[in-house]
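K.L.:
Sharing the feature lines straight out of Swiss-Prot:
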BINDING   Q87, G105, E106, G107, K108, T109, D499  ATP binding site
BINDING   C906, C908, C917, H918  Zn(2+) binding site
Amino acid sequence: MFGAIAKALFGSANDRYIKSLRRIVEKVNSFEPSVSALDDDGLARQTVLFRERLAKGETLDQLLPEAFATVREASKRTLGQRHYDVQIIGGIVLHRGEIAEMRTGEGKTLVATLACYLNALEGKGVHVVTVNDYLAKRDAEQMGQVYRFLGLTVGVVMPNISDEERRQAYLADITYATNNELGFDYLRDNMKYTREQMVQRPFNYAIIDEVDSILIDEARTPLIISGPTDDKSDLYIAIDQVVKKLGSDDYEIDEKQKNVVLTEEGTERAEQFLKADGLLPEGNLYDFENTQIVHHLNQALRANLMFRRDVDYLVRNNKVVIIDEFTGRMMDGRRWSEGLHQAIEAKEGVQIEPENQTLASITFQNYFRLYPRIAGMTGTAATEATEFHQIYKMNVVTIPTNLPVQRKDENDQFYKNLEDKFRAIAKSIKEHAASGQPILVGTVSIEKSELLSEYLRHEGVPHKVLNARYHEMEAHIVAQAGRLGAVTIATNMAGRGTDIQLGGNADFRIADELREMTEGPERDAAIIRIKKEVAEEKQKVLDAGGLFVLGTERHESRRIDNQLRGRSGRQGDPGLSRFYLSLDDDLLRIFGSQTMFAKMMNKSLADGEAIVSPIMSKAIETAQRKVEARNYDIRKQVVEYDDVMNDQRKVIYEQRATVMDAESVNDLVEEMREDTIADLVSETCPEDQYVEQWDIDQLKEKALDLLNLDLPVKEWQEEEGIDSEIIAERILEKSDELLAERSKDIPPEQWAGIQKNTLLQAIDHHWKEHLSVLDSLRQIIHLRAYAQQTPINEYKHEAFALFERMLISIREDVTRNLSRIELFQPSFELSELPEFFKNSPEIMAALEEQEKLLFETTVDGQNQPQDDQITVNQMAAQQGAAAQTDSLSDADPAHWVGKISRNAPCPCGSGKRYKHCHGAFDSKN
């Protein structure tokens, strides 16, 4: 009560903060006359002057008023848009690294130009992060006009562009990209072998558009770069068939946790089916050796009973594609982990892709915390202000609207069941559409959107459906959703980032209708006509009440509901919003108090009749708060566990960077070898043991394995006065001699390259294995709670021990591989190659690279390429053969392999022996 009185008297903390920023806005406005008086060249020269002032010691904060005035003027001249005072406030908030909550239609994209320009003056790069590629490209093109006018460079990172194009985009003053592209480029960069191959430069400042979507909604989904593992398709199919034989009494479903567990009877039946199919040996399903079978069985249960087609995923082109639960968009390239995706593929009978092993991963929480400064923009962030502050240390500032909001938000309407609700929705849509009022209908899934579409077809109401099936025209459909009488059904926040303009979007109409028309007076007249029609149609829509937003269901998060409401009433336009709910809705069914709702519904409520109750609306909000709190706990837990991996990731990535930047890693490699020898001797010949107790057999075996040395350790053991220190010195001396012999014919710069690549390969290999082990540990660590232990503390302890073990393995691998380096001399000259090899740039480049290195790693005397990589000779032979696949004949060189004596003349007529001509590659293949 006292808080409400204080707020009424003094205003909220947000109001007071906004008031303090208005003084800076006045300074910006004071520069407007002088900046407006500059000609185009003078305005563009401002950038040079600002950078000179920065170099002399001025700060960005000191430059802010004049820089913002410069951007405002450049925007007027290039886009015809002048920043409002409230947009200047938004720019200040972004520059300060805070989150600007701005209502839909208030011009967030334009606001970003202020902070982008100011922070780009330092020349360290600014990243503008968007939720999809369309918005990245659109904003880079539109706002790029302002930046280029002022002499700044603009880049945009799109899928499928080359590394060189990415590198140039990141070198630009301002770079537009999606959160996924940025994150994956970071992971890929940290798998490269030279600095020159990397595409990103050091992070500086980022503005995240739709920050709640990226840092909240996607926070539970880590970015993962993975590689394939063994194919287990038959196992997935067999276990899926077992699950399909189970009945409803065999399992219990927990919809809140999206989990399924077998009952006692279900376990017995599952065991019978698994044994009958030969998947389970004699014994209990939950015996230790059956852990993998239990895991796959659990995933198959979840796939069949918890994940719904056209709700959680859809099947497109014989592939299972995940549907984003918050946006309703398809998430191409994303796959559920831990075998769940494969279980769903088995359920749907589509091709089962192999499981993947994690090569590198990071969450968005930890990726964006790599930036020294980040800021964010969104229409809805206040409900998550606590989370933004606790995890990202960012304050949420609500920016006032330029004009008062005139949208009317009506109370929720409750119906007994889904059928009554959809009938009422269809009737309401028909009535409002008849008056010319445009309607945006929000649904939670493809399934519901298509069900409602059937009801509207039955009522004869023309409409458009926008969901993951029809996503290609998303921006166009949403942009025209404000036309007179338009009815648009959209899943969740499809089209986010595209304004719904009343009367339609003139630019989209011009692009669509005048696509075939060439420049000239006729086209100019058509543009004027379209703009006039749009203005007239807008007035009719305003007279009809503006955009009507109709929600068919409450989302788990109040924020998503607020986003849907926010599509209406932009820039002071009138509007209407209303939600229709029923007892069958997931939120009420899973999280709400159904008993209370059912009692209120049954009180003299006829079929098809609605009830409007503040008590029920409050109960809905309570249910949403419960879900939000649960989801926040999940995200917080994800951060806690990923922070453990993040600390280790930083160490590994910093180590890689140090190795790549070093001219020579010889000292580091020598230190690793010495430590490996010291550990070996300490393990087998402890100082506190008698010589007779030493494990000489293990010492001999490990010296051969790690150092490629066959040592007379038994003779050493029998010497008078021998001790572990002498043993270590002798082993190091022998190892030095071996390496000196191995490297004597290799030029120093090439030996340095060999050492560096060997070290990087070892780091990457063991980091990959370490990630896999941490994944497994993460899945089972919660069981420690049953032993009265704190899972996160146990995870930290064990992860640290595993990390130390990994560092030792890296050290041993580097020592082992460098001890086996051998010089490999090719049996041919490049000039002697046959023509069909010379015509392949890939083969020639590979062979030239081999000529430079002239070495190959061997193990136990057998040439074996590491990590399943083919040797250069094999690659040349394979590519040469592949190039000839379409035209093989007896006269073809590819048919001569194995049929001609190596010392016989080559059939090609060169006059050389076969082994020095076309047979040069037969020796290896």
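The backbone N, Cα and C atoms fix where each Cβ goes, glycine too.
What you are looking at is a predicted structure, and each value in this text was computed from that prediction instead of being measured.
Are these features on the surface or tucked inside, and what touches them?
P.N.:
The Cβ of T109 (ATP binding site) has 17 other Cβ atoms within 10 Å, all protein chains considered.
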K.L.:
Starting from the Cβ centroid of Q87, G105, E106, G107, K108, T109, D499, which together make up the recorded ATP site, report each further residue of the same chain whose Cβ lies within 8 Å of that point, ordered by sequence.
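P.N.:
So the additional residues around the site are M102, T104, L110, V111.
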K.L.:
Sequence gap of 6 or more, Cβ distance under 8 Å: name the residues on the same chain that satisfy this around G105 (ATP binding site), in order along the sequence.
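P.N.:
G105 (ATP binding site) has long-range Cβ partners D499, R570, Q571, D573.
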K.L.:
Let me make sure I understand the structure: which of the binding-site residues listed (E106, D499) has the fewest other Cβ atoms within 10 A of its Cβ?
P.N.:
D499
K.L.:
Using a Cβ-Cβ cut-off under 8 angstroms and a sequence gap of six or more, which residues of the chain neighbour K108 (ATP binding site)?
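P.N.:
Residues satisfying the criterion: G90, A100, M102, D209, M377, T378, G379.
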K.L.:
For Q87 (ATP binding site), what residues in its own chain, 6 or more apart in sequence, show a Cβ-Cβ distance under 8 Å?
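P.N.:
Long-range Cβ contacts: E106, G107, L110, V111, L114, N402.
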K.L.:
Measure the Cβ-based neighbour count of G107 (ATP binding site), defined as the other Cβ atoms within 10 Å of its Cβ.
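P.N.:
A count of 19.
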